[in-house]
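Enquirer: Structure below; questions to follow.
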Amino acid sequence: MAFIEALQSIIPIALFFSAPLIFTALGGVFSERSGVVNIGLEGLMVMGAFVGVVFNLTFANVFGTFTPWLSMIVACIVSALFSLVHAVASVTFRADQVVSGVAINFLALGLGVFLTKQWYGKGQTDMVSQPFYSKSIPFLSDIPFLGPIFFKGIYYTSYLAIVLAFVAWFILYHTSFGLRLRSVGEHPMAADTNGINVYLMRYVAVMISGALGGLGGSVFALTISFNFSQSTIVGQGFMSLAAVIFGKWHPLGAMGAALFFGFAQSLSVISSGIPLLADVPKVYLTIAPYVLTILALAGFIGRAEAPKSIGKPYIKGTR
Amino acid sequence: MFSSRMFNILVPVISVILGLIAGALIMLIFGYNPILGYQALWDGAFGNVYFFGETVRQVTPYIFTGLAVAFAFRSGLFNIGAEGQVIIGWLASVWIGTSLHAPMIIHLPITIIGAALAGALWGFLPGLLKARLGVHEVIVTIMMNYIALHVSNAMIRNVLTDGSDSTEKVAESALLSSDWLMEITGYSRLHYGILIAFLAAFIMWFLLEKTTIGYELRSVGFNRHASEYAGMSVGKNIILAMVISGAFAGLAGAMEGLGTFGYMPTNSSFTNLGFDGIAVALLGGNTAIGSVIAAFLFGVLKIGSLNMPTTAGVPGELVEIVIALIIFFVASSYIIRWVILRFKKEGK
């Protein structure tokens with residue numbers, strides 16, 4: 001029974017921590033599959049968190065309980081537009097994609113904190129009044145064993161994240177759009193010869209990653225941090241990037257990796273309550289996602305193969 | 001036609017000017033006077049001896065992290081891990097600085113070398129994985145950054161102290177700070193590290209431009225396959241480049257540990273010295289002298305920005321935006337070149 005009780009306390013928390021990572025990692029999958037490296041996921045999350053919180057604070061009185069959902073959508077749109085900067089730099093201006101991503105990270109944080117100070121006169125915003133709340137699903141949460149684990153005290157955003165992962169998988173692997181997007185990342189010249197607009201596909205892919213990154217950031221802000229400051233998003237974007245790679249650039253793999261990282265985080269939060277884990281120093285659990293990613297890359301946990309043309313700007317007419 | 005050397009100087013200069021203009025536009029949009037804003041920035045960096053001392057103090061680690069990133073770039077590697085190497089170097093310097101007892105002439109060099117070695121070790125692993133298994137160094141170094149951050153925090157809490165959030169002060173004999181330097185700069189935290197930074201820049205220039213080792217490193221950066229064909233060991237050079245790059249970044253950590261702070265607190269987030277080093281190296285065209293100049297520019301911007309809220313009412317984060325834009329413009333140098341050539345043609 002102790003085991004089941006442990007599961008009942010760990011799984012909801014793991015789902016709670018991994019939801020923002022899943023959204024953002026899915027964004028990373030789209031961008032990287034099209035051949036554009038996205039180190040800027042962190043910055044896109046920052047933008048999403050900032051917009052989500054500001055919208056929520058401003059319109060909480062107008063939209064009431066719908067506010068968090070609307071904040072999420074607005075954050076999605078603004079981050080998608082913001083990611084255009086990365087798209088323009090790395091697709092049209094042929095900038096080094098890693099450098100452009102680093103600049104996105106600087107820019108998002110700079111803009112976010114600058115505007116926070118401008119509008120709120122201090123380094124962090126107020127706490128949002130309309131965050132997401134955890135819900136128990138009627139009937140389903142009454143199922144013995146499984147109910148309390150998967151349907152009690154869970155955020156709807158966690159379910160949305162998992163559903164979106166399957167949607168992303170379907171789009172990438174079972175639609176012609178997905179096939180085109182992947183072909184542009186593997187062999188852009190061949191794709192171009194077949195009449196696919198490489199630049200357009202990459203723009204779209206980067207904007208999708210912006211939208212999903214923004215979603216991830218706003219969900220983090222509205223379920224975990226509740227406000228925005230310099231230190232709201234510290235590394236979640238990079239952890240999502242790790243999930244992309246650990247998940248071998250596959251949407252479901254990325255979701256699995258993000259769930260696992262969320263699980264590792266939740267363990268470090270509640271380990272003191274679990275007899276076996278209480279003796280393990282916390283630091284091992286906190287660095288686990290990063291160590292595992294390195295091991296995965298080194299081929300110790302199955303080889304992770306990147307898309308062929310990742311990081312290379314496509315220049316029409318070159319061989 | 002413009003020579004490529006000309007471009008190499010023109011592109012960063014234009015990028016900085018464009019970045020500053022964009023900053024001025026942002027200030028205008030939000031109803032600030034850009035002239036007052038930049039005046040405050042200038043005064044904040046050069047207004048009196050204290051500010052000037054602080055500016056030079058900030059420039060010191062920037063030179064090191066700039067050199068670290070630039071050095072790796074010259075060998076065709078992107079060391080985003082400078083951040084983690086700084087943290088590990090800082091930890092090593094404080095560890096040796098607090099635990100060893102020896103006269104200064106032994107203690108200080110050992111501490112500084114220890115920090116460099118720690119940084120080098122943190123660079124060695126990504127280098128080894130790249131050389132032996134072909135793993136991309138960018139991702140590995142990002143992961144190493146977080147491992148460095150969490151491990152150093154755990155070490156400070158559990159090994160260096162008994163659950164405290166900050167280490168003890170480094171022994172007098174391992175400190176780079178000097179009363180004399182502090183006195184003449186109105187008690188800023190200026191320390192002798194800046195001299196070591198200049199020395200490091202000279203070493204990097206000499207190593208890359210005047211020795212066979214440097215020739216091989218640059219050759220691998222230009223064309224891996226040609227170097228292999230010419231009989232150079234590409235793997236060895238990749239590892240060497242990451243080790244030296246890590247050592248430079250580790251020294252930046254020593255500057256914080258032995259100079260600026262004299263101890264190490266637990267960090268909840270990154271120091272950003274390593275990430276800013278990427279900007280420094282890019283703007284400096286990945287050369288030693290360029291990195292020193294760019295480090296001064298960013299030092300001035302960072303320290304000067306602290307004065308902007310009090311004097312001109314402008315949030316200091318404006319400078320972060322300006323720096324981000326400068327990186328964008330440098331990265332998009334293709335378009336700047338294109339515009340310059342376009343104008344050149346029309347002028348004829």
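Even glycines carry a Cβ here, placed using N, Cα and C.
Remember, it's a predicted structure, so these values are computed and weren't measured experimentally.
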Enquirer: In TrEMBL, one of B:36-54, B:55-73 is tagged transmembrane segment. Which stretch would that be?
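Expert: So the range that TrEMBL calls transmembrane segment is B:55-73.
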Enquirer: Of the stretches B:55-73, B:190-208, B:321-340, which racks up the most C-beta pairs under 8 Å with the transmembrane segment (B:273-301)?
Expert: B:55-73
Enquirer: Taking the transmembrane segment (B:80-98) as the reference, which of B:7-35, B:104-125, B:190-208, B:238-261, B:321-340 gives the largest number of Cβ pairs under 8 angstroms?
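Expert: The stretch with the most close Cβ contacts to the transmembrane segment (B:80-98) is B:238-261.
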Enquirer: Output the single range from B:7-35, B:55-73, B:104-125, B:238-261, B:321-340 maximising the number of Cβ pairs under 8 Å to the transmembrane segment (B:190-208).
Expert: B:55-73
Enquirer: With the transmembrane segment (B:7-35) as the reference, find which of B:55-73, B:104-125, B:238-261, B:321-340 contributes the most Cβ pairs under 8 Å.
Expert: B:321-340
Enquirer: Under 8 Å for C-beta pairs, could you tell me which stretch among B:104-125, B:238-261, B:321-340 has the largest tally with the transmembrane segment (B:55-73)?
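Expert: The stretch I would name here is B:238-261.
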Enquirer: Can you name the far-off residues of the same chain, 6+ from the ends of the transmembrane segment (B:321-340), with a Cβ under 8 Å from a Cβ of it?
Expert: 2, 7, 10-12, 14-16, 18-20, 22-23, 26, 276, 278-279, 282-283, 298, 301
